[in-house]
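Visitor: Below you will find the structure I want to go over with you.
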Amino acid sequence: MTSASNQVYPIIWHNDSVSLIDQTRLPNEYAFVEIHRSEDMALAITTMIVRGAPAIGVAAAYGIYLGAREIETDNRNEFLQRLEQVAQLLRSTRPTAVNLFWAISRMMRTAYESIGTVAELKQTLLQTAQTIHAEDLQTCQAIGDNGLAVLPKTPQKLTILTHCNAGALATAGYGTALGVVRSAWREGRLARVFADETRPRLQGAKLTAWECVQEGIPVTVITDNMAAHCMKQGLIHAVVVGADRIAANGDTANKIGTYSVAIAAKAHNIPFFVAAPLSTVDFALIDGSQIPIEERNPQEIYQVGDTRLTPEGVEFYNPAFDVTPAELITAIITEHGAFAPSELAKSQPKQVV
Ligand code: MRU
C-alpha cells in the first residue's frame, strides 16, 4: 500500500486475509491479490507475486497461520502433525532465501512451545506472524540508518548503484539496500540511484525504478552490461545490494548478476556493500559453496511478453542467484551495525533464531 508519504507496504494483514501487492504486474498495474489459504500463499511465493528474501519470510509466516486456521481438530498432536505439512509446502516454494526457512522455523517453534488449547495456539501463531512482520519494518529502518555511517564521505551527494530490488517491495517496507538509499536521500546524501535492469525478470527496471519514482528519488535505469562502463566513467560512488543468504564467512548469495557487479566494483575501487537483516545470515553454512541456488523456468530467458527471443533448439541455464565471495564485499550492513565480512560471526549471539 502506498500512504500519503508514498511509503510502499507490499504485505498487509486484514481481519482474515493477507493483501499482497502483485509484483508481477508492476509497474504498469498497481493491484492487490487477496490470500486466504496457505496453498495460495505458497503459489504467490513460487510465482513471485511476493518476492525478496525478507518479504517471502513474512508471507510464509502468515501462510503458516492461514494453514493453521484451516486445521479442524482440538487434538494438539494431530494439529502439530498437520501444521508440519503446511510448513513443508511453504518450505518447498523457493530454496535460496534463508529468511523463508527462518520465519517458518520461528512459527513452528512457537507452535511447539506454546501451551494452551488449539484455538489459543492459532491466535498465538497469528500474533507471531504479525510480530515478524512488524520487526522486519523496524529492522529495515535500522539497516538504512546504519548504512549512512559507512557510505563514502565524499562527494556530499552520492550516486549509488543497486542490482535487482532490495526495496520496500522485497521487505515489510523501507527495504534493505533501498533502505540505505532512502536514509541517504532523507539526509541529503544522495544524488541519484543507478538501477541495473536485472535480467531475466527485470526487478531493477520494473520494481526498483517504480519505488524510486514513488518517492521522487532520481533514478537511472541501465542494462546489466552497462554497469562496469558506468563505473569506469566515474558515475558510481558506491554499490549497495541486498542478500538472500549469507554464509558464516560473509559469502553472499543475491540475485544473479550481483557477482559480476562486485567484480567490476573491485576493479574500479568502488565500495561494495551488502545490506541485510541478521535473519539472512545462515551461520550453519561455512561458506557460499553450500548455499542452494534456485534454478527457474528457462522461459524467463527466452520469452519477453509474448515474444520469443531465441530460436528453437537451443538449451538454457537459468540460475536465479549467484554467490559473491566475501573478499569482494566492503561491509555487510545489518540492523546491529556494519561488519566486515570476517567480523560477521561476532554478530551471531544477537541473532533471534
Ligand atoms: O528472485 P527475487 O526477486 O526474490 O530476488 C530478490 C533478491 O535477490 C534481493 O536482492 C534479495 O532478496 C534481498 S531483498 C531485501
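The backbone N, Cα and C atoms fix where each Cβ goes, and this holds for glycine too.
In case it helps, TrEMBL gives these features for our protein:
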{"type": "ACT_SITE", "residues": "Asp244", "note": "active site, proton donor"}
{"type": "BINDING", "residues": "Arg51, Gly52, Ala53, Arg94, Gln203, Asn254, Lys255", "note": "substrate binding site"}
{"type": "SITE", "residues": "Cys164", "note": "site 'Transition state stabilizer'"}
Visitor: What does DSSP assign Arg51 (substrate binding site), in three states?
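Guide: The residue in question, Arg51 (substrate binding site), is coil (DSSP, three-state).
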Visitor: Work out how many Å separate Arg51 (substrate binding site) and Asp244 (active site, proton donor) at their Cα atoms, rounded off.
Guide: 11
Visitor: List, in sequence order, the same-chain residues at least six positions removed whose CB sits under 8 Å from that of Gln203 (substrate binding site)?
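Guide: Gln203 (substrate binding site) has long-range Cβ partners Arg51, Cys164, Asn165, Lys255.
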Visitor: Taking Cα atoms as reference points, rank the binding-site residues Gly52, Arg94, Asn254 by distance from the residue listed as 'active site, proton donor' and give the first.
Guide: Asn254
Visitor: Among all chains shown, work out which of the binding-site residues Arg94, Lys255 has the most CB atoms within 10 A of its CB.
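Guide: Comparing the binding-site residues Arg94, Lys255, the most crowded Cβ belongs to Lys255.
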Visitor: Rank the binding-site residues Arg51, Ala53 by the number of other Cβ atoms within 10 Å of each Cβ and report the first-ranked residue.
Guide: Ala53
Visitor: Around the substrate site recorded as Arg51, Gly52, Ala53, Arg94, Gln203, Asn254, Lys255, what other same-chain residues have a C-beta within 8 angstroms of the site's C-beta center?
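Guide: Close Cβ neighbours, site residues excluded: Ile56, Ala97, Cys164, Asn165, Ala166, Ala170, Gly242, Asp244, Ala320, Phe321.
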Visitor: Quick one: what's DSSP say for Gln203 (substrate binding site), helix, strand or coil?
Guide: helix
Visitor: Max Cα-Cα distance in Å among Arg51, Gly52, Ala53, Arg94, Gln203, Asn254, Lys255, the residues listed as binding substrate?
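Guide: Among the residues the record ties to substrate, max Cα distance equals 17 Å.
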Visitor: Which three-state DSSP class does Asn254 (substrate binding site) fall into?
Guide: strand
Visitor: Can you give me the same-chain residues 6 or more apart in sequence from Asn254 (substrate binding site) with a CB-CB distance under 8 Å?
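Guide: Long-range Cβ contacts: His163, Cys164, Ala166, Val241, Gly242, Ala243, Asp244, Val274, Phe321, Asp322, Thr324.
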Visitor: Provide the number of Cβ atoms within 10 Å of the Cβ of Cys164 (site 'Transition state stabilizer'), excluding the reference atom itself.
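Guide: Its Cβ shell of radius 10 Å holds 29 other Cβ atoms.
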